[in-house]
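**Student:** Let me begin by handing over the structure; questions about it come next.
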Amino acid sequence: MAVLAFGGIVVSLMQTLVIPIVPELPRLLNAPASDTAWAVTATLLAAAVATPMTGRLGDMYGKRRMLLISLVMLVAGSVTAALSDSLAPMVVGRALQGLASGVIPLGISIMRDELPAERLGSATALMSASLGVGGALGLPAAALIADNFDWHALFWASAGLGVVALVLVPALVPESAVRTGGRFDLVGGVGMAAGLVCLLLAISKGADWGWSSGTTVGLFAAAVVVLLVWGRWELRVREPLVDLRTTARRQVLVTNLASIAVGFAMFAMSLVIPQLLQLPEATGYGLGRSLLVAGLTMAPSGLVMMATAPVSAALSKAKGPKITLMTGALIVAAGYGLNIVLMSELWHFVLVTCVIGAGIGFTYGAMPALIMSAVPASETGAANSLNTLMRSIGTSTASAVAGVILAQMTTAFGQTALPSQDGFKVVLAIGPGPRCSPSPSRRSFRGSGWRRGRRTGWRPRPLRLSRLSRPLKSSRRLG
């Protein structure tokens with residue numbers, strides 16, 4: 001369990017790895033700022049494409065095998081970026097790093113297959129929370145390295161951590177015996193990749209290109225058309241990349257919608273609070289702190305997410321994961337509400353980020369339980385990967401929405417236009433997306449293994465005869 005959680009944290013670190021050097025990338029890579037933005041966008045697009053595919057391939061050919069391949073991609077991408085001094089190899093390296101994003105859903109699926117029932121809840125909660133933990137701890141670590149060493153050291157550090165994970169996983173993590181076999185849906189994979197690239201590219205670059213520009217509108221239109229055609233294909237093919245009938249089950253569908261909202265809430269916090277901390281004190285609402293201090297202010301929230309994982313699992317066992325998800329959503333909303341009125345002292349931001357982090361820890365802990373109790377054991381890799389993808393869509397949307405609001409609501413500061421305090425408050429007001437997301441009803445839990453707050457057994461629903469007649473169950477346990 002600890003090894004898988006470590007792998008998840010290592011992969012999530014790469015999402016915040018370049019934040020300290022983003023303003024310097026045009027100078028470091030001798031390229032325009034509009035082009036160096038691809039160092040971030042490439043990771044996002046590669047992760048969106050790879051996550052559902054690695055999940056499905058893990059279900060078919062072995063989850064640990066695909067996890068190791070993902071870690072190899074992380075190391076290869078980190079080394080490529082570490083050796084780069086120009087834009088092209090940097091973008092290639094960042095894209096390779098993005099291909100490793102399937103580690104977290106694959107780890108959750110391995111836990112479901114290998115761990116005994118009494119350990120499963122807390123383990124999957126911790127693994128799911130590692131996405132937020134790595135992001136929160138990555139910012140101060142990256143800022144510290146960037147301030148004291150050459151910027152290439154950021155990627156060498158990432159490569160080193162990836163190598164450690166590559167050594168530990170085959171030594172301590174058993175391979176799951178639950179596999180589906182069959183053929184990989186190549187047409188479905190290409191269609192999903194094309195649709196997601198069009199959608200996320202439009203969301204992430206729309207502010208730069210203009211939301212009404214032909215390129216942005218064309219990409220949104222292409223995404224709609226391609227994903228509709230892809231959906232029709234997935235419903236007709238015998239062995240789809242994503243089983244849309246399973247995805248349409250109320251419990252799975254609502255949990256995925258909640259994932260988008262949680263991803264939005266987590267990233268909105270990561271966007272707004274560091275900016276408020278770094279804006280000059282002369283603005284009247286900025287604190288004038290360094291990037292390192294801003295990162296250290298965010299770091300406790302990652303520790304809180306980790307600490308709430310076992311609490312989340314205990315609450316899910318006692319009351320059911322639906323209650324845990326709703327509790328987390330309310331805590332996140334309370335944290336954002338506090339931030340609207342508490343934003344003048346450093347300790348205000350530490351308190352607020354810890355409250356929001358606790359709420360996110362609860363929601364992240366509940367979602368794997370909701371997903372895995374609603375899908376067959378042979379589909380957990382694909383289902384968890386799709387759920388992780390929904391979080392990524394939420395973070396991309398948060399970046400776009402916050403960017404538009406802060407760009408439109410500005411105040412003059414000398415010769416520079418800075419985001420206004422009212423603009424930040426608007427983002428904080430819409431930040432707690434989970435409070436507005438629908439929650440699974442009790443009806444959606446019937447037959448899922450959770451009744452009246454007790455776990456009646458973590459058994460997958462019967463599989464179709466075209467898949468496995470009965471899922472295998474391993475008696476091995478993780479070390």
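Backbone N, Cα and C define each Cβ position, glycine as well.
If you look up TrEMBL, you'll see 443-464 marked as compositional bias 'Basic residues'. Annotated domain 'Major facilitator superfamily (MFS) profile' per TrEMBL: 1-435, in sequence order. The feature region 'Disordered' is assigned by TrEMBL to 435-479. The transmembrane segment annotation in TrEMBL covers 36-54, 66-84, 90-111, 123-145, 151-172, 184-203, 209-231, 252-273, 293-316, 323-341, 347-367.
So that I understand the layout, could you describe where these features sit and how close they are to other parts?
**Tutor:** Confidence annotation: the domain 'Major facilitator superfamily (MFS) profile' (1-435) carries a mean pLDDT of 88 in the model.
Within its own chain, the transmembrane segment (36-54) has Cβ neighbours under 8 Å at 14-15, 18, 22, 25-26, 29, 66, 69-70, 73, 87, 90-92, 94-102, 105-106, 189, 192-193, 196-197, 200-201, 204-205, 208, 241-242, 381-382, 385-386, 388-389, 392-393, 396, counting only residues six or more beyond its boundaries.
Under 8 Å from some Cβ of the transmembrane segment (151-172) lie the Cβ atoms of residues 3-4, 6-7, 10, 13-14, 17-18, 20-21, 24, 28, 64, 67-68, 71-72, 74-75, 78-79, 81-83, 93, 97, 100, 141-142, 145, 478-479, all in the same chain and six or more residues away from its ends.
Here the transmembrane segment (184-203) has long-range neighbours at 41, 44-45, 48-49, 52-53, 56-57, 60, 216, 219-220, 222-223, 226-227, 229-230, 233-234, 237, 239-242, 389, 392-393, 396-397, 399-400, meaning same-chain residues at least 6 beyond its ends whose C-beta is under 8 angstroms from one of its own.
When Cβ-Cβ distances below 8 Å are used as the criterion, the transmembrane segment (209-231) is approached by residues 188, 191-192, 194-196, 198-199, 201-202, 244, 404 of the same chain, each at least six residues removed from its ends.
Distant neighbours of the transmembrane segment (323-341): 255, 258, 261-262, 265, 269, 273, 312, 315-316, 348-349, 351-353, 355-356, 358-367, 369-370, 425, 428-429, 431-432, 434-435, 437, 439-440, 453; these residues of the same chain sit at least 6 beyond its ends, with a Cβ under 8 Å from one of its Cβ atoms.
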**Student:** Could you give the residue numbers and ranges of same-chain residues that sit at least 6 residues beyond the transmembrane segment (293-316) on either side and whose C-beta is under 8 angstroms from one of its C-beta atoms?
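**Tutor:** Contacts of the transmembrane segment (293-316) (Cβ under 8 Å, skipping residues fewer than 6 from its ends): 20, 121-122, 124-126, 128-129, 132-137, 139-144, 269-270, 273-274, 277-278, 323-324, 327-328, 346, 349-350, 353-354, 356-358, 360-362, 364-366, 369.
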**Student:** If we skip the immediate neighbours and take only residues 6+ beyond the ends of the transmembrane segment (90-111), which ones have a Cβ under 8 Å from one of its Cβ atoms?
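**Tutor:** The answer is 1, 4-5, 7-8, 10-12, 14, 17-18, 25, 29, 36, 38-40, 42-47, 50-51, 53-55, 58-59, 63-64, 66-67, 70-71, 73-74, 76-82, 84, 120, 123-124, 127-128, 130-131, 155, 158, 162, 173, 176, 368, 372, 380-381, 384-385, 387-388, 392, 478.
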